Amino acid sequence: MTTTLTLPCPAKINLFLRITGRRADGYHNLQTVFQLLDYGDTLTLTLRDDGDIRLENALPGVAHDDNLIVRAAKMLQEKSGSTLGATLQLEKRLPMGGGIGGGSSDAATTLLGLNHLWQCELPLEQLAELGATLGADVPVFVQGHSAWAEGVGEQLQAIEIPEQYYVVLRPPCEIATREIFLHEQLTRNDPPIKIAAFLGGHLENSCEKLVRKLYPEVDKALIWLNQFASAKLTGTGSCIFAGFENKRQAEQVFAQRPEQYSGFVAKGVNLSPLHRALAIV
Ligand SMILES: C[C@](O)(CO)[C@H](O)COP(=O)(O)OP(=O)(O)OC[C@H]1O[C@@H](n2ccc(N)nc2=O)[C@H](O)[C@@H]1O
Ligand SMILES: Nc1ncnc2c1ncn2[C@@H]1O[C@H](COP(=O)(O)OP(=O)(O)OP(=O)(O)O)[C@@H](O)[C@H]1O
C-alpha cells in the first residue's frame, strides 16, 4: 500500500480572458483558455492513521486552517467519510496573488493525492465539483487538461494547444483577484465568442487595461516583455507572459529581464504533470 506521494502542483496561465457578465451572487461569467505549465509547487502527502490533517510549512499571511491544502483535505475527509489523515509538506515556488493559480493547484493536488492515498475512489467530476467551492480555478487542475472554459471556469472543454515555451514574469506587486473583480471600472460586457475565434485569432485579457492603470509596475513589465513577443496578463495579474517557439529563445529573453522581475520559463503542456504522475489519463 502506498503511504507517501510526492506530486506536482502545476501553474496555469490564461491565454486570454473575457468577462461576459456578472451573476446574481457577484461572481463573473468568463470565457478563457487555461494553458497548463510544466512548472509549479511540489506537495508531499504522507498517510496518518490518527485522522489529523497537518500542513508542516506555513505560508506567510495564511493561517494553517485557511490554507487551501488543509481546507481541501478536510473537505475530502468529510465527503468520503475516511477516518485517515495526512501530513502535508509544501514546496512553494509559485508566487501568491500572481494569477497563475498556485493556491487552486495546491488544493487540486491535495484532492487527487488524498483520494488515491485514502482509496476514496471519488471520480474526477466529483472532485472538481468539490474543488470549485474552494476556488474558481480548482476544477481545471482536477480535470488535468488545458481547456476552453466558460461559466466561472467550471465548464471545461479539453483542447489541444500547440506546445510552446513561456516566459512568465512577476512584477514586484501582488494583486488580489477580488479587488479587480469588484472594481467599478472593470469591463464586464464582452460579447461571448465561439471557440473557433480563439483557435483562429489573437484575443486579449479584459482585466489588462484596468490592472495596467492600477498597477504601473505591471504596465512597465508588459512594455518590457512586448519588445520580444506579444505579452499578456494572466488572470487578474500580477504575472505576465509571452510565448516562444523554443526553450532557448525563452531562456535568452528571461536572462535579460530587469532584476526587479522574478519569474520562470516553462513549457505549456496539454496534459497536467499531476495526472502524468498519477497516471490518470
Ligand atoms: C481570474 C481567474 O484566475 C481566471 O482563471 C479566476 O477566475 C480566479 O480564480 P480564483 O483566484 O480561484 O478566485 P476565487 O478565490 O474563486 O475568487 C476570489 C474573488 O474573486 C471574485 N471572482 C472570482 C472569479 C470569478 N469568476 N468572478 C469573481 O467575481 C469574487 O469576488 C471572489 O470572491
Ligand atoms: N496553498 C496556498 N497557496 C497560495 N495561496 C493560498 C494557499 N492557501 C490559501 N491561499 C490564499 O489564497 C490567495 C490567492 O492565492 P493564489 O496563489 O491562488 O493567487 P492567484 O495566483 O492570484 O490565483 P488565481 O490565478 O487563481 O487568481 C493567497 O493570497 C492566500 O491568501
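Glycine residues also receive a Cβ, built from the backbone N, Cα and C atoms like all the rest.
According to TrEMBL, the protein carries these features:
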ACT_SITE  Lys12  active site
DOMAIN    67-144  domain 'GHMP kinase N-terminal'
BINDING   Pro95, Met96, Gly97, Gly98, Gly99, Ile100, Gly101, Gly102, Gly103, Ser104, Ser105  ATP binding site
ACT_SITE  Asp137  active site
DOMAIN    202-262  domain 'GHMP kinase C-terminal'
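A map of TrEMBL features onto the structure.
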residue: Lys12; record: active site; DSSP class: strand
residue: Pro95; record: ATP binding site; DSSP class: coil
residue: Gly101; record: ATP binding site; DSSP class: coil
residue: Asp137; record: active site; DSSP class: coil
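The recorded positions near ligand 2, defined by a Cβ under 6 Å from one of its atoms, are Gly97, Gly99, Gly101, Asp137, chosen from Lys12, Gly97, Gly99, Gly101, Asp137. Counting other C-beta atoms within 10 Å of each candidate's C-beta, the binding-site residues Gly97, Gly99, Gly103 are led by Gly99. Ligand 1 lies within reach of Asp137 from the recorded positions Lys12, Pro95, Gly97, Gly103, Ser105, Asp137, judged by a C-beta closer than 6 angstroms to any of its atoms. Looking only at other Cβ atoms within 10 Å, the busiest spot among the binding-site residues Pro95, Gly101 turns out to be Gly101. According to DSSP, the secondary structure content of the domain 'GHMP kinase C-terminal' (202-262) in residues is 26 helix, 9 strand, 26 coil.
For Lys12 (active site), the same-chain residues 6+ apart in sequence whose C-beta sits under 8 angstroms from its C-beta are Phe34, Gln35, Leu36, Leu37, Ile100, Gly101, Ser105, Asp137, Val140, Phe141, Thr234.
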